[in-house]
Every structure is written in C-alpha cells, then in structure tokens.
Amino acid sequence: MDGPQPPALWGSLENRVSELSQKLQGEYFRYKGIPFPVGMYTPESLSLAENTSNVRDDDIFIVTYPKSGTNWMIEIICLILKDGDPSWIRSEPIWQRAPWCETTISAFSLPERPSPRLMCSHLPIELFTKAAFSSKAKVIYLGRNPRDVVVSLYYYSKIAVQLKDPGTPEQFLQNFLKGEVQFGSWFDHIKGWIRMRGRENFLFITYEELQQDLRGSVQLICEFLGRPLGEEALSSVVAHSAFAAMKANNMSNYTLLPASLLDHRQGAFLRKGISGDWKNHFTVAQSETFDQVYREQMHGLPSFPWDRSAEDGSPDGETEPSPSPSPGLASDDPNPGSSQ
C-alpha cells in the first residue's frame, strides 16, 4: 500500500479501542468522579497512570485540558530535543513520539524508551502520576482560552468516534460549563494545576502566548528544559512547529488515524490554529452566560492572556468579520475539525 502507514503499536491500540467502542460507542464511565470515554481509557489504565512508580528525573510531561494545543507543544519539544532537526517529526507519528500516560496503551506500559521520555496527559492534578511530584521530572502545563476550547472540543466531538455526540451547540456549552464532558471541568482542571506555579520543575504557559510570540515562547521552554539553542536551531524549531508546517506533516496531522477512531470525512483534526475563533461562533447570550460562570469560577485567580483579550474585536490573525447576526456555536464551518 502506498504512503506511510501507522506503526504496529498503533494497530494494536486501534483493535482494542475499536472492540470496546463498538460495545459502548459514545458512552462515558467515571473514574473517581471524572468522565472518560469508553475504549481509549479504562479504570485499569487510569489507575496505572496515577499509581505507577515508573517515573524518571529527566522525564518531560506535557499536561493540558483537551483541545488546548497539546500537539503544538509536542511538536515544539520534539524539535527542541533534536536541536531543531525536523527528521524525527517527519518520520514518527506524533502519538508515538509523546505517548499518553492514561490511555489503554500507556506510556508507562510501553517497552523501555530512552531518556528523556516525552509524555502527555489530560489528567486533572488529583489523578496525575503521584510519583512525578516527588521527582525532578519537568511538567509543562499549556492553558488556553476556555471559550476557544469549547468551540474546538465541540467540533472534535463530531469527528472522534469514541466521544459522545455533542448534541446541539447550546447543550454542549451547558455540559462544558457543568463539567459534564470528557475529563470533567475545565475550571477545576486549570485551578488544580495553577497551584504548581512557582515550583522549579513546573512551567505554565498559554496557547495565546505561543501565538503572540512563538520564538520568545520557544526560548522560554528551552530555558526551562535546560536546552539552550543557537539562532539557527531556534529558527528551525519556530519554522517547523508553525501551524501550516504541522498541517502539512502527515506524522503530525492525524491523517494516519483510521476511520474507526477519527472520521476524516467530517473535518480535519488540525482545524484553524488561531485564538479568538469563539467570537465567530458564540451568540451574545452564550457569551454572557459563559462570562458569568467564568467570573464565578475564576474569582481570586491571577489574570490570563485571554482575560485581557476577551473584549477585543477579531480573532488573532483574522480580519474583522462583516457585521451580521451571530450564528451561534454551530456556525457552518468549511473545515469543522479541531484546533491543535
């Protein structure tokens, strides 16, 4: 068969996930109160992630709430670890370069991997790998404007086979605000992890900061990881982690995933890669509802980049849309996939 194929490891995972998903497609189960999709996760895989002692001092963990830029951060760090050389990101699928801690094929259950290991997690802090907190392993938490997260997660739920149908835009927004979506409440997630700020081995950075100054953000990440880069290598990291470069790289754009996991007919996994797209989707009423819940939930916390831009006009990198009635969260999108 022509073209690159998923590795055998992923084929094994696909078979296991598909078998479970066919039995309870679109169903969630709860692990310690948090909803998880059946198939990709099991109580056993979550317990392994939480309780394993298989943590090394030079491990690197990327932690995010879903649809907050996980894959963008993976690409950046993979390039940093290779001094800007794009060979790795062009030859190995992104999910294998940075496996997940909590999935049915867990990063902790894979054959021995060389250090430094790069791993990802969507887990809230109370379910995260306990051994990491007593180690020197580095944790990078990437946050994103929750309004954009809602839009991206809504569209992703339409193409990810193992997720519940999102229902109407209004239903999905209400479920998101109540934490009745995969991995639970965004508010609880970020409030839990933000407490780690100030620890030497913890870096909090946002999707918006990456967009506003990718080069400066990469330099900050390099400093945190103790891996300084020269100007040429730094420029290579910035160039090869740009959204257009990732979207063109079939090792990073998820086009290798089979239809049993991702319905490519419904849209692309990497959708727009911008900040502020929620303004093209939220109605005035939805925006007001969201703002009220946000103020109540985030009271007393430091401000974030999206707080300063919430009242700005157009999304970053976009021209001001022509004035027309807001179509709401489910506006027709020519490419309704998911942001990074």
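Glycine is treated like the rest: Cβ placed from N, Cα and C.
Listed features, source Swiss-Prot:
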type: ACT_SITE; residues: His122; note: active site, proton acceptor
type: BINDING; residues: 67-72, Arg144, Ser152, Tyr207, 241-246, 271-273; note: 3'-phosphoadenylyl sulfate binding site
type: BINDING; residues: Trp95, Trp100; note: substrate binding site
type: REGION; residues: 301-340; note: region 'Disordered'
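In the three-state DSSP scheme, Ser241 (3'-phosphoadenylyl sulfate binding site) falls into the coil class. Mapped onto three states, the DSSP output places Arg144 (3'-phosphoadenylyl sulfate binding site) in coil. DSSP assigns Trp100 (substrate binding site) to a strand in the three-state reduction.
Among the recorded positions Trp95, Trp100, His122, not one has a Cα within 10 Å of the Cα of Ala244 (3'-phosphoadenylyl sulfate binding site). In this structure the C-alpha atoms belonging to Thr70 (3'-phosphoadenylyl sulfate binding site) and Trp95 (substrate binding site) are separated by 11 Å. Separating the Cα atoms of Ser241 (3'-phosphoadenylyl sulfate binding site) and the residue listed as 'active site, proton acceptor' is a whole-number distance of 21 Å. Checking Cα-Cα distances from the residue listed as 'active site, proton acceptor' against the binding-site residues (Trp95, Trp100, Arg144) with a 10 Å cut-off leaves Trp100, in sequence order.
Taken residue by residue with DSSP, Lys67 (3'-phosphoadenylyl sulfate binding site) is part of neither helix nor strand, so it is coil. A separation of roughly 20 Å, to the nearest angstrom, links the Cα atoms of Arg144 (3'-phosphoadenylyl sulfate binding site) and Trp100 (substrate binding site).
Taking CA atoms as the reference points, Trp100 (substrate binding site) and Lys67 (3'-phosphoadenylyl sulfate binding site) are 14 Å apart.
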